[in-house]
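Per TrEMBL, domain 'Leucine-rich repeat and WD repeat-containing protein 1 LRR' is recorded for 2-174. What TrEMBL lists as region 'Disordered' is 184-211, 229-262. If you look up TrEMBL, you'll see 189-205 marked as compositional bias 'Acidic residues'. What TrEMBL records for 233-250 is compositional bias 'Basic residues'. The annotation domain 'Leucine-rich repeat and WD repeat-containing protein 1 WD' is assigned in TrEMBL to 262-650. For 385-419, the entry in TrEMBL reads repeat 'WD'.
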Amino acid sequence: SLSKLQLKTGDLDPRLFSRLRHLQKLDLSDNLLDKFPNSLTLPDLRVLNCNNNKLEDVTALKQFPLLEELTYENNVYLTLNDDYKVMFLLQNLRRLNGKDITKLANHVRRVNSHKLTSKVTAHWEKFFRDQLPEKYTPEQVKSIKKKFLKSVQTNVVYGPSSLSEFTRWRVKMIAEEFLAGSLGLESNSDTEPEEKMDENEEESTESPKEVAEDVAQVGDFSSYISNVTVTPSKRKRNHSKSSPGKKRSKSQANTKEEDDVSAEPLHFLQCHSKGNSREDFKTQLWSCVFEPVLDSGARKDPIVSSSRTVATCGGESVCLIDCETGTVLKKYKVATEEFFSVAWTTLTMVISDSRKKAHNILAAAGRRGIVKLIHVAADYCYGEIKAHKKPIATVCFSPTQETHLFTASYDKRIALWDIGIPDCDYNFQASQLLVLEAASIPLRIALVPTCPEQYLLAGCEDGCFAWNIKLDKGQKSRPFEAIFQFPDDESMTTSHRVDGLAFLNDDVVVSKSSKPGCIYLWSWSRSFDAKGKGCQQTMSAVILAELEWSTTDMSYLTLSTCPAKDYVFCGDEKGSVWMYNLSNYITSWSSAKGKRSERRISPTQILKWPELRVNGEQPPEILVNNVVADPAFTYLVVLTSVNITAIWKKL
C-alpha cells in the first residue's frame, strides 16, 4: 500500500518497481498521479487501486497484462472512453471500479472489434484500393496511408457519440494493422492480435459505470409509439401577388434543386417527461445547443469538425442526446425547476503541475432564476449562481471570454457574470460584472459577432434593443443605447414583441416580431450609428429582406441560424420547420449599396411534421418552440410543446 503519500508520477521509480516481479496487489489511491510511467513492469500484478488521483490517460496500464481488478474512481479527467480502452487493452480484466465487466469486456474485445474491422476493410475497398497502383513507390504508400487514416477515422462510426473517442482510437489501430497486412507497412499500434468473433455473440450496450446519477431509461421515442408513419413533404413556391409581372432573379430561378427533400427524420424522443412518465405530452421543450468540439490537451482531435451531441432542456430536466443513435447519454433533474435555456462554454482548467486542459461546461437556467453549472465529462453539477429573483428566459456565453455568461431575466435585466474557473476541488468564485436595464422582458440575446465585447442585442417583449457592454466603462448598471424601428404597415414602429433573434453572419441580423407571417433580415452596421451621442436613441433597422413565414400570431416560436451554411430555420404552430437557404443573397447584401430584396423570400423547403400515433391517436396540437442545426448542418433538432424532441438528418 502506497496510499495517501502525495505521490506524483515522478516518484514511481521504474528501477525500484521493476524488481517487484511477484507483486500482485498495489494500492496507489489518494495520491497526485497524472499518468503511469511506461516501464514499471510488475509482470504479476493482479489488483490495482488508483482511486482519487489526477490520471488523464489509461493506455500505459497495458504493461500489466495479468491485471484482473482495476479501480480508478474519482479521477475527474477519465471518461467512459477510458473504461473501454482498458477493457480492450487488458484481456484478463474482470472487474472495473467494483463492477463485473466480463460480458461487456467480451463485447468490446470481440464484437466491437469485429464490427470495426469490417467497416475499416469496407472503407478501404470502396474508396482507396483503386487509388494504389500495382507498382508503387514508398512516397505513394506514405501518402495514401495518411489519407486513409484520416478518412477512416472521420467516416467510420459505430456506437454512441459518448464513445467516439474510443471508436476513433480503435479505428486508427485497426487501420494501421490492416495497412501493415495489405501493404507491408509497419503498424504503429502496440496491440494484442484480434480474437475471432463468436457468430452467436450478441451486441451489448451495457456501461461499466453509471453515466449520471439519473440516466434516462428512454430509447428512441418511436420504439413505443405505434403506427409511426413518416411523411416529409415538399412545398411549392408561392410568388408574390404584389408584383406578378416582374421577372424572377437568378437567385430565385433554381426551384427544382431548392425544393428537393433534403432531410430525413431519424428519432422522436420523449426524454423530458415528468417522473419519466410515458403519458406526459404536456412538458414544453425550450432550448437546445450542440456541444463544442474539444481541440486542446490530450484529447486534441483534428478529425472531428462538428459535434453530434446536443443538450436540450424542458420541464425539470436537461438531457444530452447523441443525434445519430438517438441515445440519451445523460440526464440532469431538479424536481422544483423548469428549465428554459442551456449554453456551452469550454473552460481551460488548471490540472496537476500547473498544466492546462480544456473541458466543456454546460450552464442551465430557468424559472427559479438560478444558473446550474455542470461539468459534463465528470457527470457533476459543481455549482450554482443565484442570478435573478425572477425566471431566467435565456443565457449565452461570450465567444471571446470563456468565463463570461449573460443571463436575461423576467426582472427586465440582463446580467453579465464571470463564472470563474473551478479548481481541482471544484471551488469557484462567480462575480457580477454588469447589469443592463431593459424596458421590457428580454426574450432572446445575441452578441454582435464583429465586436462581441462591445455590443449586445436583445429581442424583448416590447422591442429590439442594443447595449454597450464594454467593461472599461465605469458604469456597472446601464440603460440601453439604442432601440430599433421596424416597418408596421405604412409606418415604422419600435413597439413590438421580438421573440426570435440571431446573426446569420457578421452583419446580417435575423429577427422575428409579432407581425404575423414575417421574419426580417437587416444590417447591423447600416442600422446602428455608433457615433451617435447619448443613450436610448431610436434607430431605423435597414431591412435587407423579408422571409415568408406562417401567418400565425402565436408567440415564442423562435428561430435560429447556421452561419456556415447560410441557413435560417424557424418552426411553426403545426409542427413544421421552415428552412431558408440564403447563400444566393449574401453577396448582394454585403455590398455597401446592397439593395433590399423587393419580394418576400419563400422558404427553400418546409419539413412537415410526420404522422405519429400514440395509442392509435395523433398527439395534440404541436408547436415547434425551437429548432437548431449543428454548425456543419448535419443534424436538425426540433423541440416541441408536446414533450417530443425530433431529430432530422440532412441527406
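Just so it is clear, glycine is given a Cβ too, placed from its N, Cα and C backbone atoms.
Curation plays no part in TrEMBL annotations; they are all automatic predictions.
Note on the repeat 'WD' (385-419): residues 287, 340-348, 361, 363, 365-371, 373, 428, 430-447, 449, 452-453, 456, 458, 467, 469 of its chain, located 6 or more positions outside it, place their CB under 8 angstroms from a CB of the stretch. Remark: secondary structure over the repeat 'WD' (385-419) totals 0 helix, 20 strand, 15 coil, with classes taken from DSSP. Taking the domain 'Leucine-rich repeat and WD repeat-containing protein 1 WD' (262-650) as a whole, pLDDT averages 89 in the prediction.
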